[in-house]
Amino acid sequence: MGCFGYLLLIIGLHQVLATYPIWWSLAVGQQYSSLGTQPIPCGTIPGLVAKQMRFCRNYMEIMPSVAEGVKIGIQECQHQFRGRRWNCTTVNDNLAIFGPVLDKATRESAFVHAIASAGVAFAVTRSCAEGSATICGCDTHHKGPPGEGWKWGGCSEDMDFGSMVSREFADARENRPDARSAMNRHNNEAGRTSILDHRHLKCKCHGLSGSCEVKTCWWSQPDFRVIGDYLKDKYDSASEMVVEKHRESRGWVETLRPKYTFFKPPIERDLIYYESSPNFCEPNPETGSFGTRDRECNVTSHGIDGCDLLCCGRGQNTRTEKRKEKCHCIFHWCCYVSCQECMRVYDVHTCK
């Protein structure tokens, strides 16, 4: 990112950090990447509120999974938005890892909160099933009798425990009576719910000579790409809300209601937002936009990844690029494939 990345952090930093989940820096911090499955000292994690600090100390052995969950959430965000004007760019080695871009209550902020919350639930659940933590394990509450021709067996992944960890930790700082906290809580829960909604049975056959005399089944999480695809669809159809203020015994409270009453109101699985997104065409330190100059675009696409839209009408530059690829592959009996290496020339298009 260079100097511009640091400039993004400086502009409006005070406002950003007031509501920013700074603990997301666990996902990119150099000091945590080398720890592997070793416990993370709670005092070294920036931005924890008191409830998060207590949780960290009580469940220290699963904190590496929390960090891993945020990391896979960010990686999935970058995959889902790889062809869009905002591509989930992070500002490494800074507390506000996305810069000011998430300071606004936009669709992008809704997606990032949902995918990060889902990532934490996913990683903790996986860690428990793999036996990496002593405080959790397989789910023994199978939620229903077995079906015809199979019985419960194996290790059902305890998705309820993973969701609990995500809820207790990620939502701990979202306790303010304002609209942004309400939005973040809703989108965090939408992310967690997506995992439970996409769980599925995995089964294994047992018997002589490959027969399936006995079949054992267990609950399994979906592949995280399934969650990313699903939440990306929810991003595209996110519900716009408006902020309402009313007075309660504890003071002024902000709540959210749908902006358009003729649409179906959002449910817990939907993403919500209440501020418009910038167009992300040009660099803007105040909004956190890096612009799209020099971004690679698809000259044949009419979608958002196409040069017309991604480059915001500025046009594109074209250069040729040589790439080594495997070619003339031959299957040999038995059993391997040999290939030659060919040099091929491609046109690469980047935004002006």
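Backbone N, Cα and C define each Cβ position, glycine as well.
Keep in mind that what you see is a predicted model, and the values were worked out from it rather than measured.
Marked as signal peptide by Swiss-Prot: 1-18.
Classification of Cys88 (disulfide bond) by DSSP places it in coil, neither helical nor stranded. Annotated disulfide bond per Swiss-Prot: Cys77-Cys88 (among others), in sequence order, evidence recorded as similarity to another entry.
The N-linked glycosylation site feature in Swiss-Prot is assigned to Asn87 (among others). For Asn87 (N-linked glycosylation site), the same-chain residues 6+ apart in sequence whose C-beta sits under 8 angstroms from its C-beta are Gln78, Phe81, Arg295.
Among the features that Swiss-Prot reports, disulfide bond is placed at Cys128-Cys136 (among others). A simple way to gauge crowding: the CB of Cys136 (disulfide bond) has 22 other CB atoms within 10 angstroms, across all the protein chains here.
Look at Swiss-Prot and you will find Cys138-Cys155 (among others) tagged as disulfide bond. Just so you know, the Cβ of Cys138 (disulfide bond) picks up 14 other Cβ atoms within 10 Å once every protein chain is counted.
Taken residue by residue with DSSP, Cys203 (disulfide bond) is part of a strand. For Cys203 (disulfide bond), applying a Cβ distance below 8 Å and a minimum sequence separation of six or more within one chain yields Trp150, Lys215, Thr216, Cys217, Trp218. Look at Swiss-Prot and you will find Cys203-Cys217 (among others) tagged as disulfide bond.
DSSP classifies Cys212 (disulfide bond) as coil under the three-state reduction. If you look up Swiss-Prot, you'll see Cys205-Cys212 (among others) marked as disulfide bond, on the strength of similarity to another entry.
According to Swiss-Prot, the O-palmitoleoyl serine annotation covers Ser209, on the basis of similarity to another entry. With a cut-off of 8 Å between CB atoms and residues at least 6 apart in sequence, the same chain places nothing near Ser209 (O-palmitoleoyl serine).
In the shown protein chains, 17 other C-beta atoms lie within 10 A of the C-beta of Cys312 (disulfide bond). Annotated disulfide bond per Swiss-Prot: Cys297-Cys312 (among others), in sequence order.
The N-linked glycosylation site annotation in Swiss-Prot covers Asn298 (among others). With a 10 A radius on its CB, Asn298 (N-linked glycosylation site) counts 17 other CB atoms from all the protein chains. In the three-state DSSP scheme, Asn298 (N-linked glycosylation site) is classed as strand.
The feature disulfide bond is assigned by Swiss-Prot to Cys327-Cys342 (among others), with similarity to another entry given as support. In this structure, Cys327 (disulfide bond) is part of a beta strand by DSSP. Note on Cys327 (disulfide bond): other Cβ atoms within 10 Å of its Cβ, all shown chains, come to 11.
Taken from Swiss-Prot, the feature disulfide bond applies to Cys329-Cys339 (among others), supported by similarity to another entry.
Less than 8 angstroms from the CB of Cys335 (disulfide bond) sits no same-chain residue that is six or more residues away. Cys335 (disulfide bond) falls outside any helix or strand according to DSSP and counts as coil. The feature disulfide bond is assigned by Swiss-Prot to Cys334-Cys335 (among others).
Here the candidates are the disulfide-bonded residues Cys205, Cys297, Cys329. The one whose C-alpha lies nearest to that of Cys342 (disulfide bond) is Cys329. If you take the C-beta of Cys212 (disulfide bond) and look for same-chain residues 6 or more apart in sequence within under 8 angstroms, you find Cys205, His206.
Here the Cα atom of Cys77 (disulfide bond) is found 20 Å from that of Asn298 (N-linked glycosylation site).
When the neighbouring Cβ atoms lying within 10 Å are counted for each of the disulfide-bonded residues (Cys155, Cys297), the highest count belongs to Cys297.
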